[in-house]
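What follows is a short report on a single structure.
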């Protein structure tokens, strides 16, 4: 049920800002002088014409104005200074008198805005003391929309961050949303942001363009946000999410060289603190982009002055991301040498770290080879020869697995590849059943030649029971599935299938193993699957009544062919009645019916003959009966329906939780005199089914099919 909100559009009480602050607790800014900025408020009608002037304007006690015949009036917007230590609420109040005539609503409101260096341009809490009634003539729609106060009214009005903009939103009792969108920053003064607040439909516009006579107040605000006034606070502001965005905006606007030098000098002193902070690292990247070559070199020099401190930066998640971006922008040999020399000292530690290894990979990827003389020292430390005896343990580590795969992608000489392969083969089970190890093994398999691949397959299947255990492991099963897609010799295929057939039932009934069996059936040629399918056919009932096994049975029937398929289907038909009543087996029978093999359908109808009524009362078998009606053809479905309605207990189907679905399917498939007989059955029991939950579903089905009872 739709939740509705009560609404009172005509509040008579009007509270002053002082009362509001007392009501919510004394404000920390209550004793300070507020910066006053005029706010121009425009109300426009839907046809963009003003039909009447404002009248009976009521201003707050701090301001007075004369009545004007105009569509706009300058109002005071009071904004607190930026020296506060932590965010404070933003409050907006209304003091209005209005005439509910058919003409333009007459209203005037005052606003009090309070912000600080952590709050500008970020989410605010917004309180509205009295509602603003925007009439239908103003909005150009058929209904009024109201903006109600949080403390006084019941509908919320809030200022929030939305796609980079400050957004007012509210909803009325019809769940119709009104949005008042504002550009960043909230109190915008630059040409890029001419509007402080504007509505999505332009019916209501709050503009930050003040009258020229009051521009001196606007300049005071711009002056407070100037870089000079932020001197000494750049580092702390850069680490704040909101102010980081404002500072980046300032950099985008462009700074004079002296101002840029001022910012850079402050940042260089606390460079480590800035780059290891999420917001600070983003600001630093922007600063790096606007700096000239000499200034960039100073940043790099300060970063790498203490190599161990630089290594720690690269081990930090935010620092590592920033360094990766810097690596892409280095443009002098000196900058590159400084970075690589510092990295080479801790290359192994970085390569083995979740964040640091990305820096190492970025070096290899983005730095020109001719500048990598220091990097060659790192390459030597990470060469395959120096990793001898540790390949297996490193392959099972998430970070090192990625590095080893990178090495394989680069290409190894045959002796080096043999060295890696010989180590892995000795501990193949440990590697393939490990998440990172299995991914490394797949990459190794891809770069191996046919003879080396055969050695891997031979070692995997040397002990069939151990191979079965690998396939029962979630990571091992995924790896084997990938291997199955890459087998390219009869010998490799035979080794895999022979080992799998020994544990076919256990695999088919396992959440991981059944995927391996299905991959065999799907990707391997039919002639190689004979042993596997024979084992599955022999254990048809055990597999078909398992949650995972029923999926295997369906895949086997779908992808097998010839004598193997006939034998498999014959076994399913033999157990069909029992399978139909099983939670999982019924899916196998339904799948077989869905294959629409005429002779198989006939055999199944014969198996179920005389049992359709009793099976229709079964939760699982009723689905099978419906499938019979839908797929067996007109002749068989007519025979089944006649069996159902001829029974003395046929009327029980009409009010049965499962039988009613069978009747609905019968109504869809029945034709001619069979349909008439079915409708007569429903008509004879209409009084009982009208009072039954399940019977009503049948009547609803009749209405949809436009079948009228006599």
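Cβ coordinates come from backbone N, Cα and C, glycine included.
Predicted automatically and left uncurated, TrEMBL annotations should be read as such.
Annotation comment: TrEMBL describes 1-20 as compositional bias 'Polar residues'.
Positions annotated as region 'Disordered' by TrEMBL: 1-27.
Counting same-chain residues at least six beyond the ends of the repeat 'Pumilio' (302-341), those with a Cβ under 8 angstroms from any Cβ of the stretch are 268, 271-272, 275-278, 280-282, 284-285, 288-289, 293, 296, 349-350, 353, 355-356, 358-359, 362-363, 366-368, 371-372, 374-375. Residues or ranges marked as repeat 'Pumilio' in TrEMBL: 302-341 (among others).
Residues or ranges marked as domain 'PUM-HD' by TrEMBL: 362-706.
What TrEMBL lists as repeat 'Pumilio' is 459-498 (among others). Confidence in the repeat 'Pumilio' (459-498), given as mean pLDDT, stands at 92.
Taking DSSP states H, G and I as helix and E and B as strand, the repeat 'Pumilio' (535-570) has 29 helix, 0 strand, 7 coil. Residues or ranges marked as repeat 'Pumilio' by TrEMBL: 535-570 (among others).
Residues or ranges marked as repeat 'Pumilio' in TrEMBL: 571-606 (among others). With a cut-off of 8 Å between Cβ atoms, the residues of this chain six or more beyond the repeat 'Pumilio' (571-606) that come close are 537-538, 540-541, 544-547, 549-550, 553-554, 557-558, 615, 618, 620-621, 623-624, 627-628, 631-633, 636, 639-640.
Taken from TrEMBL, the feature repeat 'Pumilio' applies to 607-643 (among others). Assigned with DSSP, the residues of the repeat 'Pumilio' (607-643) fall into helix, strand and coil as follows: 28 helix, 0 strand, 9 coil.
For the repeat 'Pumilio' (644-680), the DSSP counts in helix, strand and coil order read 27 helix, 0 strand, 10 coil. TrEMBL lists 644-680 (among others) with the feature repeat 'Pumilio'.
Tertiary proximity for the repeat 'Pumilio' (644-680) is limited to same-chain residues at least six positions away from its ends with a CB under 8 Å from its CB atoms, namely 612-613, 616-619, 622, 625-626, 629-630, 634, 637-638, 688-689, 692, 694-695, 697-698, 701-702, 705, 707, 709-710. For the repeat 'Pumilio' (571-606), the DSSP-based tally of helix, strand and coil residues reads 28 helix, 0 strand, 8 coil.
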